[in-house]
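Since the structure comes first, as C-alpha cells, the remarks are kept for the end.
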Amino acid sequence: MVWLPRVPCVAAVILLLTVLSPPVALVRNSRPRFLEYSTSECHFYNGTQRVRFLERYIYNREEYVRFDSDVGEYRAVTELGRPDAEYWNSQPEILEDARATVDTYCRHNYEIFDNFLVPRRVEPTVTVYPTKTQPLEHHNLLVCSVSDFYPGNIEVRWFRNGKEEKTGIVSTGLVRNGDWTFQTLVMLETVPQSGEVYTCQVEHPSLTDPVTVEWKAQSTSAQNKMLSGVGGFVLGLLFLGAGLFIYFRNQKGQSGLQPTGLLS
C-alpha cells in the first residue's frame, strides 16, 4: 500500500506524479483503475477543550484502516488494512507522531484560524412560502427557507397559531453554498385552515433574538380582495405620477414664453 504523508504539499506532489504516470495518462487505457487516498479530520468540542483526530485510508471508496486519537493506535476496518495497522503500530516513531497530531496538527491549525473562523457571524435570510397555490383545506407544504448564514449550527421551528408543531416536519439539512455560508429548507406538511397563522422561528449565533416570519392562511376571495386593493393602489400611483408629470411640463412651457412688445 502507498502511504501518503499528512504534509499537503508533499501529498499533492505524490498524487500529481501518480496521475501523470504513463499507464494512467493514456486516454484509451482500458485497464481497471484503482484509487487510494487518505483524509485527516480534526473534531473540536467546546473549542480546543477536547480534540479528536481521525486519519482514514480509503481504497476504491472503502475505508480499510484508520487512526483514532481516542483509541491511540491504528485499527483495521477491513482485512485489507490489517497488515498496515499491525506494521504501523509496531513502529514507535510512526505511532508517536500520530498521537501527537492532536496538538501539532489540530490545535495548531485551530489557533491559526481562530481569529477568522470562530468569531465570524453571518445573519440568515428567512423567507416563508407555500409550495402550492391552491384553495385552503387541501394538503400543502409550507417552506421556511433559511439562507446565507454562518456558522452552520442553527435551529428552525414551526408554530401554528402560537403552538409549536412537532410532526410533519421535513428538512434538507445543511447545504454548503461554497462561500463559507450555509442554507437549509425546513418544510411543514399541513392542511391550512382559513385564519390560521403559521410562524417559522429561526435561532442562530449571529442573532441576539430569534427571527420570526409569518404566513397567514387566507381564502381565495380574501386573496383576490387583497390583490385588487394592491392593484388599485398601484394604478392610482401611476395616474398620480402621470398627472404630476403633465402639470410640471405645462408649467415649464409657460415660464419659457417671452412677453412680446412693439418694435420702435
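Each residue, glycine too, has its Cβ placed from N, Cα and C.
From a predicted model like this one, the values you see are computed outputs, not experimental measurements.
Per Swiss-Prot, these features apply:
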DISULFID  Cys42-Cys106  disulfide bond
DISULFID  Cys144-Cys200  disulfide bond
REGION    32-121  region 'Beta-1'
TOPO_DOM  32-225  topological domain 'Extracellular'
TOPO_DOM  249-264  topological domain 'Cytoplasmic'
TRANSMEM  226-248  transmembrane segment
Secondary structure tally of the region 'Beta-1' (32-121) (DSSP, helix then strand then coil): 37 helix, 31 strand, 22 coil
Listed in sequence order, residues with CB under 8 A of Cys144 (disulfide bond) and six or more positions away: Val126, Thr127, Val128, Val156, Trp158, Leu185, Val186, Met187, Leu188, Cys200, Val202, Val213
Among Cys42, Cys106, Cys200, the most crowded of the disulfide-bonded residues [Cβ within 10 Å]: Cys200
PLDDT averaged over the residues of the region 'Beta-1' (32-121): 92
